[in-house]
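Asker: These came from TrEMBL, pasted as-is:
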TRANSMEM  34-55  transmembrane segment
TRANSMEM  67-86  transmembrane segment
TRANSMEM  98-121  transmembrane segment
TRANSMEM  162-181  transmembrane segment
TRANSMEM  193-212  transmembrane segment
TRANSMEM  275-297  transmembrane segment
TRANSMEM  327-348  transmembrane segment
TRANSMEM  386-408  transmembrane segment
TRANSMEM  414-433  transmembrane segment
TRANSMEM  445-469  transmembrane segment
TRANSMEM  481-500  transmembrane segment
Amino acid sequence: MGLDHENGNVLIDSGHTRLHELGYKQELKRDLSVISNFAFSFSIISVLTGVTTLYNTGLKFGGPVSFAYGWLIAGTFTMFVGFSMAEICSSFPTSGGLYYWSAKLAGRGWAPFASWITGWFNIVGQWAVTTSVDFSLAQLIQVIILLSTGGKNGGGYEASKYLVIGFHGGILFLHAIINSLPISWLSLFGQLAAGWNIVGVFVLMILIPCVATERASAKFVFTHFNTDNGDGINNKLYIFILGLLMSQYTLTGYDASAHMTEETKNADKNGPRGIISSIGISIIVGWGYILGITFAVTNISYLLDETNDAGGYAIAEIFYLAFKNRYGNGVGGIICLGVVAVAIFFCGMSSVTSNSRMAYAFSRDGAMPFSSVWHKVNKQEVPINAVWLSAFISFCMALTSLGSLVAFQAMVSIATIGLYIAYALPIFFRVTLARKSFIPGPFNLGRYGIIVGWVAVLWVVTISVLFSLPVAYPITNETLNYTPVAVGCLFVLTVSSWIFSARHWFRGPITNVDT
């Protein structure tokens, strides 16, 4: 609760008061509960999306051991990042989130530059997430069509890359329309998405191994380490590290709770709760989903074989074979893939929501070209221009897939590394420059804040290095890991634009209230 000092009245919504104290007018409608705030982050993390999309990677690099233990390792360190972000969010509950935090924590001298670099890594990372999520849905639709028409070995229809990009554009168009609705409708969709993800995970983790006629043993699920990756990598530690990518890619996007704080009641409490609960629940249900599906795995090399009915899409083949072997057809497996497809659709929807709020806040502070256009809100208090901008940019990023999948994969790699760098920067400023000056909000870590913050920063540094390592040998133009190139280019562009232009006019977050 907050206090209106002028009139002496107690205010119900402390988030509204805190926003005014931070220097902003309340332009977005504050209509989200803690459940709705949690739902947006949980839907973006979306276990069904991340695990299904990158199950092949985990299966290839380490297999069951990477799944069972890699998920818990990544989840544990992600919680450190989440706790640190939640503590800062409680102190600064604004839609700008990370870049605003960096500006306030870096100190007056460094604030503009810290805000600039954090903001651009955050927003480009978010656009990459949306691109990746919606493109993965387009690819899953391609696989569903293939299996529905007979599979790869039965003359099934394989959609061209042009049709896949068409699917991608259509999905983004629907997401933009949904995100143009009032926040009360988005809140409803967000809660539906969270419910769908939770129920979907429990249904699939139980149904698939029960339907499968052949099941793996517990020993296989918890101890088998797959070294047969076909990429010339034999060192087990190296293989395990590469297998972590599935887990860490999945556990991203929870900054959405921060970006939605200006529309959340009691934001300084409920924003942090949204961040922590979305990560914690995702870790629990995600581990269950991974183990449940892996109990239906009996032949890793066949699941990864591009000549199987699903064209090498491992989880699709697992679902399809489970029903086909028991009932004589794979219709049930295709329906299960439909459940996953809906979850991915909701994930993309929530991702566009988060993108648009970040674009709205960043342009409100004048950091984006044509800022006056993107930070406008309509009569329903929705930043509609920012919504359509986010959808359009995500579509443009996916167009690179028509020319080269290598280029596309490099671009979407920013979704993990670029986004985590944006997560780590304000935490780094919190534990260094603002170590003594930081004023905590209602949610705080007390004396453990510095320790937790340093663990979070070191984890981000670690995964940034590990996920930049080669993923296949010998290294060629086709096998080179372009992640460091993509992230490096983003860094160079961001710093260059600062040196040659932005440092002359960008002053960091600006206030829009009379003081």
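Note that Cβ sites are derived from N, Cα and C of the backbone, with glycine treated the same way.
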Asker: Take the C-beta pairs under 8 A between the transmembrane segment (34-55) and each of 162-181, 327-348, 386-408, 481-500. Which stretch has the highest count?
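Answerer: By Cβ pairs under 8 Å, 327-348 leads among 162-181, 327-348, 386-408, 481-500.
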Asker: Is the count of Cβ pairs under 8 Å between the transmembrane segment (386-408) and the transmembrane segment (98-121), pairs 6 or more apart in sequence, 3 or more?
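Answerer: Contact criterion not met.
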Asker: Ranking 162-181, 193-212, 481-500 by Cβ pairs under 8 Å to the transmembrane segment (98-121), which is first?
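Answerer: Stretch with maximum Cβ contacts: 481-500.
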Asker: With an 8 Å cut-off on Cβ pairs and a sequence gap of 6 or more, do the transmembrane segment (275-297) and the transmembrane segment (327-348) reach 3 or more such pairs?
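Answerer: No, the transmembrane segment (275-297) and the transmembrane segment (327-348) are not in contact.
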Asker: With a Cβ cut-off under 8 Å, give me the same-chain residues at least six positions beyond the ends of the transmembrane segment (327-348) that come close to it.
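Answerer: Contacts of the transmembrane segment (327-348) (Cβ under 8 Å, skipping residues fewer than 6 from its ends): 43-44, 46, 48-49, 52-53, 130, 133-134, 136-137, 140-141, 143-144, 147-148, 151, 171-172, 174-175, 189, 192-193, 196-197, 200, 203-204, 207-208, 211, 309, 315-316, 318-321.
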Asker: Using a Cβ cut-off of under 8 Å, list the residues of the same chain at least 6 residues beyond the transmembrane segment (481-500) that approach it.
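Answerer: That would be 113, 116-117, 120-121, 124, 406-407, 409-411, 413-414, 417-418, 421, 464, 467-471, 506.
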Asker: Using Cβ atoms only, state whether the transmembrane segment (445-469) and the transmembrane segment (67-86) have three or more pairs under 8 Å that are 6 or more apart in sequence.
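Answerer: Yes, the transmembrane segment (445-469) and the transmembrane segment (67-86) are in contact.
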Asker: Give the nonlocal contacts of the transmembrane segment (193-212) in its own chain as ranges (CB under 8 Å, at least six residues past its ends).
Answerer: 35, 38-39, 42-43, 46-48, 281, 285-286, 288-289, 291-293, 295-296, 318-319, 321-323, 325-326, 332, 336, 339-340, 342-343, 346-347, 349-350
Asker: Using Cβ atoms and a strict cutoff of less than 8 Å, what residues sit near the transmembrane segment (67-86) while being 6 or more residues removed from its termini?
Answerer: 58-59, 98, 221-222, 240, 243-244, 246-248, 251, 254-255, 258, 271-273, 275-276, 279-280, 282-283, 286-287, 290-291, 294, 420, 423-424, 426-427, 430, 443, 445, 449, 452-453, 455-456, 459-460
